[in-house]
Amino acid sequence: MKLALLILLLLNPHLSSSKNTPASGQPQEDLVEQKCLLKNYTHHSCDKVFCQPWQKCIEGTCACKLPYQCPKAGTPVCATNGRGYPTYCHLKSFECLHPEIKFSNNGTCTAEEKFNVSLIYGSTDTEGIVQVKLVDQDEKMFICKNSWSTVEANVACFDLGFPLGVRDIQGRFNIPVNHKINSTECLHVRCQGVETSLAECTFTKKSSKAPHGLAGVVCYTQDADFPTSQSFQCVNGKRIPQEKACDGVNDCGDQSDELCCKGCRGQAFLCKSGVCIPNQRKCNGEVDCITGEDESGCEEDKKNKIHKGLARSDQGGETEIETEETEMLTPDMDTERKRIKSLLPKLSCGVKRNTHIRRKRVVGGKPAEMGDYPWQVAIKDGDRITCGGIYIGGCWILTAAHCVRPSRYRNYQVWTSLLDWLKPNSQLAVQGVSRVVVHEKYNGATYQNDIALVEMKKHPGKKECELINSVPACVPWSPYLFQPNDRCIISGWGREKDNQKVYSLRWGEVDLIGNCSRFYPGRYYEKEMQCAGTSDGSIDACKGDSGGPLVCKDVNNVTYVWGIVSWGENCGKPEFPGVYTRVASYFDWISYYVGRPLVSQYNV
């Protein structure tokens, strides 16, 4: 029966989406990955999320860019301090550094025109029905309840000076009986959740005159009373009901309730990186998962939506496509944010055109063809090729620290586009070496920090290295881009398990393995090392493969150098998987030497 169910799931993967919903009787907290929570991830953690266009990733945290680092193209905007800025990005960058200054409106500033949000009919200043005064409107207006969600409520509370966001969007407010409110004249609002002011959200007015109900909010304060045993502790100190964690909604206000998930509640979408996002963000034209799968296979999804006449609702479900006439009252600043994002520099990479620890060694692999692994290089020391390496762009090669010594850099050559030692091909290029950088904390006894950089010499009169037939592999910035059981590829000229020499470049597929302490107790360091192999040991790296690549492809077939062949024992034995240097742990170290623009993508 279990086998039949497994076959059914494999034939119809859509059935497996039910994993996002907790099974009956399953404890709600089981959806939260406790080990991940210890890292205190928030919406500013670039291991889990993309930074905004006015931010950059520094040591795992989205930090403020300086305004001059923003793209120059754009329309002027006005801030709450009455000062104009050349673009939305310039203002958001300034706000990032000075949070008290917020967006007011598009265009130039005028003394009398200011956006305003307020609450009325509440018992305290933390709650009430929401009113807004748009810049070009004469009167304050209410917001329609049917366009109001936790997303918009969070932004309203941020705007009102409550940094922990919303506590509830339901409330009993004290509307005097003699106050007649016309709920047919309310405004509709749509936010994305990245805004800090409601002024950045899009306001519209519908032609319908039916009553809508009015949006209200109760903002969160530190004295909110949530039972500790039945609540989720957000990184910012806020507490929310446990059942609201991993539901695709940013209830914490800092997104910490959605970044450490093993599954998602309701219709939320689970990224491979353990992040839950609202279902309506799937196939919306913008990548939200750092692993990219929310924008994969979207053509079929769009066809189905059009065929069914459905659109995504604010709550992540589906609703009929609206035909009601809508008047847009404010510019769509989210479209402007996406436009700014599109202007950021693009990176082209990853797409083809002796002790008891033995230095590692591809066993059981297949011969490679020209162009299969254009990032693979060989490092020649004197008259013999001793190690592999990975081209990562510019003049830089990534390899293992145990392969090279800084003092011997003049002895090394980098061979690119090499397929066979014995039959040099016409595409083969030989580069001299100008510098070797070994990680300062490399430990030759334990193989910790077994990583090094080799800088190739530039040809006379050239500003850059020109490797015509080479393509750089992308450098991963997050440890969550790939997961245990993902299938990846190793390549090299290492010996076979019978110690027979190999002269042609060979490759093989291996699976990433989780914590390998059970195979190498006391010698495996999870943060710095990655295990990979096959269940029968038929594919492995072997002596001579050291320094070479363990590469993995994402859903868009972009190749990342996930590991560097480092060490292991007993070539080709299933109980002794290969151990690789985990490259994602060294992104900042690599970028320090090679320059961030060479390896940075997605605004990292």
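Just so you know, glycine gets a Cβ as well, placed from its N, Cα and C.
Only one of CYS62, CYS64 is recorded by Swiss-Prot as the disulfide partner of CYS51: CYS62. Between CYS387 and the candidates CYS395, CYS403, Swiss-Prot annotates a single disulfide bond, the one to CYS403. In Swiss-Prot, the cysteine linked to CYS78 by a disulfide bond, out of CYS36, CYS46, CYS109, is CYS109. Checking Cα-Cα distances from CYS276 (disulfide bond) against the recorded positions (VAL249, CYS260, CYS261, ASP450, CYS531) with a 10 Å cut-off leaves VAL249, CYS260, CYS261, in sequence order.
Under DSSP, the residues of the domain 'Kazal-like' (58-111) split into helix, strand and coil as follows: 13 helix, 14 strand, 27 coil. Here CYS246 (disulfide bond) comes close to LEU31, VAL32, ASP257, GLU258, CYS261, LYS262, GLY263, CYS264, ARG265, ALA268, CYS276: these same-chain residues lie at least six apart in sequence, with C-beta atoms under 8 angstroms from its C-beta. With respect to Cβ neighbours within 10 Å, the disulfide-bonded residues CYS62, CYS157, CYS219, CYS276, CYS531 differ, and CYS62 shows the lowest count. CYS531 (disulfide bond) and CYS62 (disulfide bond) have their C-alpha atoms 29 Å apart, to the nearest angstrom. Within the set of disulfide-bonded residues (CYS36, CYS46, CYS144, CYS252), the lowest number of other Cβ atoms found within 10 Å of a Cβ is recorded at CYS36. Remark: LYS244 (Ca(2+) 1 binding site) has PHE232, ASP251, ASP257 as non-local neighbours, by Cβ distance under 8 Å and separation of at least 6 in sequence. Counting only the Cα atoms, the space from CYS186 (disulfide bond) to HIS402 (active site, charge relay system) is about 68 angstrom.
Ranking the recorded positions CYS57, CYS144, CYS219, GLU295, CYS516 by Cα distance from CYS234 (disulfide bond) puts CYS219 first.
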